[in-house]
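J.: One structure, as structure tokens, below. Some questions next.
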Amino acid sequence: MNPQLHNIILPIYMDYQATTPLDPRVMEAMLPYFTTKFGNPHSRSHSFGWEAENAVEEARSRVAKLIGADAKEIIFTSGATESNNLAIKGIAKFYGNKKNHIITVVSEHKCVLDACRHLEQEGIKITYLPINPNGIIDLEILKESITNQTMLVSVMAVNNEIGVIQPLKEIGKICRERGVFLHSDIAQGFGKIPINVNEFNIDLASISGHKIYGPKGVGALYVRKKPRIRVTPLINGGGQERGMRSGTLPTPLIVGLGMAAEIAYNEMEKDNKHVSYLFDRFLNNIKQKISEVYLNGDKDQRYKGNLNLSFAGVEGESIILAIKDLAVSSGSACTSASLEPSYVLRSMGIGEELAHTSIRFGIGKFTTEQEIDYAVDLICSKIDKLRELSPLWEMMQQGIDLKKIKWASH
């Protein structure tokens, strides 16, 4: 496994769900707005301001085009965490005197769940929908959960840990029929899978720049204008962004997000073919070489840039240490500092012992076939060695049911 023979540079980046490298074309588009084109886009009295404003509006149109929205429906924010908070808390504050119920899903991103918990403390009722063992929600349970007090349903497009795609079109149809707003955290799906806010009846959608080869520190919230959706702002000030998000806009970052959206619009199909091919190559080769490897989440209804695998009989943390040539994660980058097993995997009904063995491998547009082959060889050789040392693996081979063992301490 000589990296020179594979013509690759170590470590290999395989954590594309946590963040993505900046596309060089995005960097090129941003640079002038850090140097000569430094105007404030809200300065209306001179050419420096007009130039910056034009750049911001072009970026707004590019972001809107990627999801079939109108440019006026795009509100720039600092990222998807802010967008999720603005959508959920903003709707609750504006409509909370008429309705008091929100529905979300147990496997949502931490910032959605935490925003909902915050609202619970303020008296809003929250329903957390369960997920099936494949990671996807049951539409019948959603229908049954909607009441005449429900103001919002919040369901993500693509899960950040397991990559499954929720049936947003069907969810949107249900919400529209019942007169309930639909918010979706589309950070992991924006620019990667086709999303059309009108076709899917999405009313609010959260976007992140750094998940699509754009800069960190910038994102957007799509807020439908027809019929008009109102949100109470989190930040008050000069009334920028239709009064929903005050503060001077960071022109270079917004230009970067716009350029990243434009590239994704033109190259999504090509990127998806590349990523799908590498996904199949990676998964098939690993499964041929080692046994007891499980793909977490639905195999077909998923974004193929995300492979969450469980390797029976080996701890996830020990795998990460063993394959240090690969930059990977044992869960969401926001929660992987905790040694608790993934709440997403647990909510799918995966047992603690398998949840502890999971690793998330991210494949992106810059990943090469050589890197995938090197990764497969490295993983398989290290898993074999770790299993030789693992008493759990030995017990499994002897047919002992690990669930029935009573451990002295944990």
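Glycine is no exception: its Cβ is also placed from the backbone N, Cα and C atoms.
Taken from Swiss-Prot, the feature active site, cysteine persulfide intermediate covers Cys334. If you look up Swiss-Prot, you'll see Ala80, Thr81, Asn160, Gln188, Ser208, Gly209, His210, Thr248 marked as pyridoxal 5'-phosphate binding site, on the strength of sequence analysis. Taken from Swiss-Prot, the feature [2Fe-2S] cluster binding site covers Cys334. Per Swiss-Prot, the feature N6-(pyridoxal phosphate)lysine maps to Lys211.
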J.: Give the residue from the binding-site residues Thr81, Asn160, Gly209, His210 that has the most other Cβ atoms within 10 Å of its Cβ, counting over every protein chain displayed.
T.: Gly209
J.: For the residue listed as 'N6-(pyridoxal phosphate)lysine', which residues in the same chain are close in space, meaning a Cβ under 8 Å from its Cβ, but six or more apart along the sequence?
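T.: For the residue listed as 'N6-(pyridoxal phosphate)lysine', the qualifying residues are Gln17, Thr19, Thr20, Ala80, Ala187, Gln188, Phe190, Gly191.
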J.: Which residues, sitting 6 or more apart from Thr248 (pyridoxal 5'-phosphate binding site) on the same chain, put a CB under 8 Å from its CB?
T.: Asn40, Pro41, His42, Gly238, Gln240
J.: Name the residues of the same chain, 6+ apart in sequence, whose Cβ is under 8 Å from the Cβ of Ser208 (pyridoxal 5'-phosphate binding site)?
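T.: Result: Gly79, Ala80, Ser83, Ala187, Phe190, Gly219.
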J.: Could you tell me the maximum Cα-Cα distance in Å between the residues recorded as binding pyridoxal 5'-phosphate, namely Ala80, Thr81, Asn160, Gln188, Ser208, Gly209, His210, Thr248, rounded to a whole number?
T.: 30
J.: Per DSSP, to which secondary structure element type does Ser208 (pyridoxal 5'-phosphate binding site) belong, with helix, strand and coil as the options?
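T.: Strand, per DSSP.
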J.: In DSSP terms, helix, strand or coil for Ala80 (pyridoxal 5'-phosphate binding site)?
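T.: The three-state answer is helix.
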